[in-house]
Amino acid sequence: MPNRGDMPRHKLLFLFALLASAAQRGAVVDAAIVDGLQVGFYSQTCPQAEGAISDIVNNEIGMDRGIAPGLIRLFFHDCFITGCDASILLDESPAGDVPEKESSANGFTLVGLRTIDIAKSTLEGMCPRTVSCADILAFAARDAAVAAGLPNYDVAAGRRDGMRSNMDDLPGNFPVPGHHVPRLTELFGQRGLSQEDLVVLSGAHSVGGAHCFMFSNRIYGFSEEADVDPSLDPEYAERLRQMCPPRKPDDDPQQAPKVKFDAQTGEKLDNAYYAELLARRGLLTSDSALIEDPQTRAMVEAFAADDALWQQKFAEAMQRVGMLDVLVGEGKGQVRHQCRLVNGQEEEQRQQPQQQQKQPQLPWLRQPQLPWFRQRRQHQHRPLRHHPVANLINGFFRGFH
């Protein structure tokens, strides 16, 4: 073992941080991570599944590079709330709740939903009612990471799909762009993930970008003393101001400009993100916060100096995320026929128009048009409004596509 005096500072600090992180993981990981998944789960029932998903993902990314970070983000957003149960894919909940995908942390920023639909439709033609949407999303996120430059890694499967989705599960339980290390560490710990996982997974910001409203508070009216966040490199802050004009009250968030997280290699999943942080060019507050805390800064320095180390850690962290609160075994969840609907809902939707046609059109039998007679699922027929402030405070990987 090398003498402590011979070890580079960033590796020595990282060693201490890693030991602390491992101790933290040992205390909480069993509460959220579920065993029972298996590499090669579909080798007998649908042996072409992983290859088919990979082909579809690569084809989609070939047409739109934003699909890669979008799928990684979609996977993280699904697993972090109620576990890897594909709840984020549901268009509606049987209970009538507004689903996760319509939260301001998701909404119009979700990218990759069409890719999952294509993969599911393809597999239903090959192996009907066999491959779950939760597993498809896990495979697709891996394939997206590999397409963006990460070495291939195994994904254990056997997840089943959940039957509920509620946007109210997100507030207070999900990391947001304005969080600093203590709160981020607490939220990751609650999900059985360590502070090291936080720093490692933040490296996904090596690809994709964020809408200007996600960080405009850092470049306009930051405080009474400074218009611009002093933790930002001044030249970088000026470039951001040129790309992102001041917001107006009637600005449409969907039309807001976007800026890449990583100006060096914005389409390659690598460790350049960490070098950008050390140069004070972290786009979100939650990015820059990683170099303000001594423990997380030591990890940032280590990953900035060793791309292979970060790539290995990222693959391992993605595997851990993929085991969060999974539904495993018969009697838990289901294998959906369509990823957007719980089984049985598609039949209900087909029957509704027929039932409406069969109803007698007599005045005294018409349903009263009173507020309490309206169906609870009306939300699926009208888009939810996305207020800039609400969008600003929701979604750690917001705009990450």
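Even glycines carry a Cβ here, placed using N, Cα and C.
What TrEMBL annotates here:
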SIGNAL    1-22  signal peptide
DISULFID  Cys46-Cys127  disulfide bond
SITE      Arg73  site 'Transition state stabilizer'
ACT_SITE  His77  active site, proton acceptor
BINDING   Asp78, Gly83, Asp85, Ser87, Glu100  Ca(2+) 1 binding site
DISULFID  Cys79-Cys84  disulfide bond
DISULFID  Cys133-Cys339  disulfide bond
BINDING   Pro175  substrate binding site
BINDING   His205  heme b binding site
DISULFID  Cys212-Cys244  disulfide bond
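For the pair Cys339 (disulfide bond) and Ser87 (Ca(2+) 1 binding site), the C-alpha distance works out to 9 angstrom. Rounded to a whole value, the Cα-Cα separation of Cys244 (disulfide bond) and Gly83 (Ca(2+) 1 binding site) is 35 Å. The Cα atom of Asp85 (Ca(2+) 1 binding site) lies nearest to that of Cys133, taking the recorded positions Arg73, His77, Cys127, Cys133, His205 as the candidates. Look at the recorded positions Arg73, His77 and count other Cβ atoms within 10 Å of each Cβ; His77 has the fewest. A distance of 13 Å separates the Cα atom of Cys79 (disulfide bond) from that of Cys133 (disulfide bond). All chains included, 29 other C-beta atoms sit within 10 angstroms of the C-beta of Cys84 (disulfide bond). Taking a C-beta cut-off of under 8 angstroms and a sequence separation of 6 or more, Ser87 (Ca(2+) 1 binding site) has the following same-chain neighbours: Asp78, Ile81, Pro99, Glu100, Gly162, Arg164, Ser165. Candidates Cys46, Cys133, His205 (recorded positions) were compared with His77 (active site, proton acceptor); none lies inside 10 Å Cα-Cα. Rounded to a whole number, the C-alpha distance linking Cys133 (disulfide bond) with Cys84 (disulfide bond) is 10 angstrom.
The Cβ neighbour count for Cys339 (disulfide bond), using a 10 Å radius over every protein chain in view, is 22. Around the Cβ of Cys46 (disulfide bond), the same chain contributes Leu123, Met126, Cys127, Thr130, Val131, each under 8 angstroms and 6 or more positions distant in sequence.
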